[in-house]
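Per TrEMBL, the features are:
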| type | residues | note |
| --- | --- | --- |
| BINDING | Lys79, Lys103, Ser391 | substrate binding site |
| ACT_SITE | Lys115 | active site, proton donor |
| SITE | Asp155 | site 'Important for catalysis' |
| BINDING | Thr200, Asn251 | NAD(+) binding site |
Amino acid sequence: MQKQQTIIEESLKALMEDESFLPDLQAQTREQAFKSLVALLSTPNHIHKSFLRVSLDDNTIVRIPAFRVQHSDTVGPYKGGVRFHESVNEGEVSNLAKLMTLKNALHELPFGGGKGGVVIKPQEYNIRELNLICKKYVQYFDDILGPDKDIPAPDVGTGEREMDWMMGEFKNIHPGQPYRNSFTGKSVVNGGSLGRREATGKGVYFTFRYMMHNFLNENKKWLSETDNVFANTALTHHDRKLSVAVQGFGNLGSVAALEAYQCDYLQNKIVAVSDHNVMLYNNDGLDIPALIKFTEESDGELPTTEEELEEHEVKAEIRERDELLELDCDVLLLAALEDQIHEENMDRIQASMIIEGANGPITEDADRYLADKGVLIVPDILANAGGVIVSYYEWIQGREAQFMTEDQVYERLFDKMKYTMDTILPQFFGDPFPLRQNCYIHSVMKLSTIMYRQGKLY
Ligand SMILES: NC(=O)c1ccc[n+]([C@@H]2O[C@H](COP(=O)([O-])OP(=O)(O)OC[C@H]3O[C@@H](n4cnc5c(N)ncnc54)[C@H](O)[C@@H]3O)[C@@H](O)[C@H]2O)c1
């Protein structure tokens, strides 16, 4: 995630060299503004850390490290998920909080950026203990959370069950006060939004489909006349069958894979999917609905034996999990974890286009290496905002106590993502920066302008 910092600084530098950006600033003050903005955007406003005191069922008491990082409230209340995972640490949570600030600014949501984390392996705790951990999280961070202060949501290891529990605890602690919007990603009966669970996966595929179908169709002429290397990559893959490999078949990966499988606009063939155990491969295309059905009955796991495949009439070869990244395919859709493509494997990546469903799945070195080769990377900040966009709709629906249908939610989600794409794509295909850099420039420009106008640079 070091690349975040590098790209923020490069984006600010590019902006400061452009005289139409904050034209009131003269040369010397531009230099000072640059330094101030680097400092303000690089560091979080607050890092809150606690050790949750939890009494386990075997009567031992444990102290579990927990974090809430509030990166920036420039645009609105802090907003970002709470992750339950054994690898959670302060640096990771801080980087993810920063990414939320940039993502919310890019998609013009009225939120700042935050993130939380608890250092546990959820599978090692029973349901009562997990419930207690959620309640303790709210008790320990109670004074900094709230519908207009900091609004957590699900992340890796948490879901609507945990958000319901946390909101319930928030309500207990604040009787008579508004509580419904203190958390998003809740179950529908508790004020959650229809469509929230599928929103990120649908949004991830939508960004790709919109770029490769709608945008290319409308802009083919001028794109074919530019010498932009990424325009060339996109056009080379336009209007032909695309082979797609999906890493990670959880909430995000399975929904995005299904969207790709069912897409009426692009002809996709999903040649491979993987989870933490296995990769399944079929050069003629996998039956994604059958695999989703399997995972619904197997606690989310893909089939790992020939018998399981046969029983569910899925035709696939069982292969080593990590071979997926190096397959000869057109598109890699990364929907598992951070840092999956790195210095060790970057030169063996064969896909020409990569969609980042997960946050930060490509390291800084690999990102540069692939961009230099003309690989078109649709970055996390652009592609995986569907969850936070629908969280925003959940927040509005909770305030107004008026609820949208699932179709209305998706219509507004796609409109919002289309708006962002229409802002970014013409600029991207018109200059030499990778798409990630273009998105960062847009976010940094918005955040810097607001900070300047709010008098934060003095
Ligand atoms: N779900 C959301 O709304 C959302 C929003 C933004 C970002 N993300 C990011 O997307 C990623 C996936 O999120 P999710 O909600 O689908 O999580 P999930 O836990 O539902 O699914 C993760 C999947 O990845 C698989 N996996 C784990 N390690 C793997 C490996 N080494 N190789 C291949 N597969 C592996 C798991 O088996 C599982 O299928 C995370 O990085 C998350 O931060 C999710």
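Glycine residues also receive a Cβ, built from the backbone N, Cα and C atoms like all the rest.
Owing to the predicted nature of the structure, the values given are computational and were not obtained by experimental measurement.
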In whole Å, how far is Ser391 (substrate binding site) from Thr200 (NAD(+) binding site) when you measure between their Cα atoms?
-> 10
Candidates Lys115, Asp155, Asn251 (recorded positions) passing the 10 Å Cα cutoff around Lys79 (substrate binding site) are Lys115
Recorded positions near ligand 1 among Lys79, Lys103, Lys115, Ser391 (Cβ under 6 Å) | none
Given the binding-site residues Lys79, Lys103, the candidate whose Cβ has the fewest other Cβ atoms within 10 Å is Lys103
Express the distance between the Cα positions of Ser391 (substrate binding site) and Asp155 (site 'Important for catalysis') as a whole number of Å.
-> 12
For substrate, residues beyond Lys79, Lys103, Ser391 with C-beta within 8 angstroms of the site's Cβ centre include exactly Gly80, Met100, Asn104, Leu109, Phe111, Gly113, Ala153, Ala385, Gly387, Val388, Ile389, Tyr392
Nonlocal residues around Asp155 (site 'Important for catalysis'), in sequence order (Cβ under 8 Å, 6 or more apart) | Gly80, Gly81, Val82, Arg83, Phe84, Lys115, Gly116, Gly117
Nonlocal neighbours by CB distance (under 8 Å) for Asn251 (NAD(+) binding site), same chain, sequence gap 6 or more | Gly159, Arg197, Thr200, Gly201
Within 10 Å, the Cβ with the most other Cβ atoms among the binding-site residues Thr200, Ser391 is that of Ser391
Cβ-Cβ neighbours of the residue listed as 'active site, proton donor' (radius 10 Å) | 31
